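Marked as active site, charge relay system by TrEMBL: LYS144, SER220. If you look up TrEMBL, you'll see SER244 marked as active site, acyl-ester intermediate. What TrEMBL records for MET194, SER220, ILE241, GLY242, GLY243, SER244 is substrate binding site. The domain 'Amidase' annotation in TrEMBL covers 97-569.
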Amino acid sequence: MIPIYVWPIGLLSSLFFWKWLQRSRYRSISRNCAVRKRLARDKRREELLHLLRTKYAAQLPEPKITEKIYKSTATELLDSLKRKEFTYTQVVLVLSLRSIKIGQEINCTTEEFFDQAIQAAETFDADTDDQSELLLKGIPMSIKDHIDQKGADSSMGMTARNFQPLLKDGLIVQLMKEQGAIAGFVRTATIQGMMLPESESETYGVATNPYNRTRTTGGSSGGDGALVAAHGAPIGIGSDIGGSIRIPAHFCGVFGYKPTPGRLTRKGVTVPSTKKYMGETNVRATVGPLARCTDDLVLVMRSFLQETMWTEDTETPRQPWREERFNEQKRLTIGYYTNDNWFSPAPACIRAVNEAADALRKLGHKVIPYTPIDVPEAVRLYVGLVGADGARHFLESLQNEPPNPFYSLLIFANKLPNFLRPLLAFILRLFGERRSAHTLLASGPKSAYQYFDLVIDLRQYTDRWLDEMKKNRIDLLLTPVNALPAYRRGQSSTLFSSCSYTFLFNVLHLPAGVVPMTVVRDDEQYYEDIGHSNNDMMVSLAKDVCRESAGLPIGVQLAGWPNDDERVLRVMKELENAIDKSQRPVPALANHIDIYAN
């Protein structure tokens, strides 16, 4: 007779085996779907490359013109095109060939539409009508792989979204095209589900940093950041809910801008939810540009803030671009800090802020030290609100695709039964993991009552910040973008806390932009926790990030009052003009791409 205890053991074993079989099946289905999509993309890439090298070979300019095209910002390209120094077709041809090569080198691109782009450029070349009022006429723009575009998947790095081309452009792409942009000539990589500052997926592989292939591009708009940095596109359109524009801008040495949440439409943007909408709207994502100068960011903002946006999206407030606000010469009070007292920054990040503060003082602004208010509370609010459903909507959106291994900590933190959180947090504190304990307590599913309490706390926290800024007559804030230079691949899940410098302004709903300032020097390849208040795993990883980091780009962040985007961009431009252009980082890859070689 079989002992009675064998039955439950057998039942549990069968259940685990069944689950393992299911996971293996889903993993196989996802992998096969990813391989088929990647092969289809690569086949189309070869066809496009053949088209560009045969039909349009005669239009490929000489190397001197090619160099001028790829080194130009969008603003410079518009000026040269008006003077007929080269044609629209030549611009698209050069940047398309570069994008193919860059995509092959660092894996930062996904779907490619160079044939449609060059047809649009030919139309501009053939058009004799004066269309000088178009803000972005003939400018190729990359688009993050979740912004809706006709014929593209909007996959967000998820295999389940492959082979689902959209039937029409979303409003974001429509607005760019109405201003003459050749938007979506190439689409750019992101991480599966867009929940970490990395850019990799089962379908398109690992995107690497153009400065150092062992480093990440950041994310989740990392494909845009890498392509713009490598001079494959003058402008990229990404999105930001915790730093997804600003972190890649910092890691890749370009300009990036997160507008005030709600000032731009969210229509035409696919989100990681099977229900097509995000249920959590108290920490809001927003689209925004990445580029190689502030003027290009301004061009994009002006192109968004057009009548079509308010007509097509009646929920977006009518707030036209204020040119007089952007051009004002008023002396401002700028508060700055180099340490948010949550995650101490690396030496290069501190130096960058101090150098930016000195430059702004020389421009006549009053730049004063500022103490950030209770950043651990911002961490609690961000983690608690964004993950209030216990990451269920995110996991459902994968449609049985296995999550990227980098999400293991996030999933564990959200799946852990709430009654065990205090005990595990206590144990973490005993081992010196104070920050991990704080984040663990903030994560996990919330009841409706708990969620409402978080929303109330968010309002009170925001009021404290804005009241303090008003009391000190602060016009803008100057801060690090991240505590560290570009991470090594896979470190983002553990170093999430170093992103406090960006997601603070998502919590506060403030506009914020990044200006590339410098690179890590040879004598700055180390890390120490200022004040020695932490001795945890994050400090060890931060030390690893800073080792062999010389030459990696470092940016600074400027943030302003809600809906005062014009003033933030004005000061970004002033700071840009004050920096010696020879100090501005450029990856070696940008100059090593040879479009003439097969």
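Every residue, even glycine, has its Cβ placed from backbone N, Cα and C.
Shown on the structure are the features that TrEMBL records.
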residue: LYS144; record: active site, charge relay system; Cβ contacts under 8 Å, 6 or more apart: ARG187, THR188, THR190, SER220, SER221, GLY223, ASP224, GLY236, ILE237, GLY238, SER239
residue: MET194; record: substrate binding site; Cβ contacts under 8 Å, 6 or more apart: HIS146, MET156, GLY157, GLY219, SER220, SER239, ILE241, SER244, PRO272
residue: GLY242; record: substrate binding site; Cβ contacts under 8 Å, 6 or more apart: VAL283, TYR382, VAL386, CYS499, THR502, PHE503, ASN506
residue: GLY243; record: substrate binding site; Cβ contacts under 8 Å, 6 or more apart: PRO197, VAL481, ASN482, CYS499, TYR501, THR502, PHE503, ASN506
(message) Return the count of C-beta atoms lying within 10 angstroms of the C-beta of SER220 (active site, charge relay system), excluding that atom itself.
(response) 34
(message) Just to be sure I understand the packing, how many Cβ atoms besides its own are within 10 Å of the Cβ of ILE241 (substrate binding site)?
(response) 23
(request) Would you mind checking how many other C-beta atoms are within 10 angstroms of the C-beta on the residue listed as 'active site, acyl-ester intermediate'? (result) 35
(message) For the substrate binding site, please report the maximum Cα-Cα distance among MET194, SER220, ILE241, GLY242, GLY243, SER244 in Å.
(response) 11
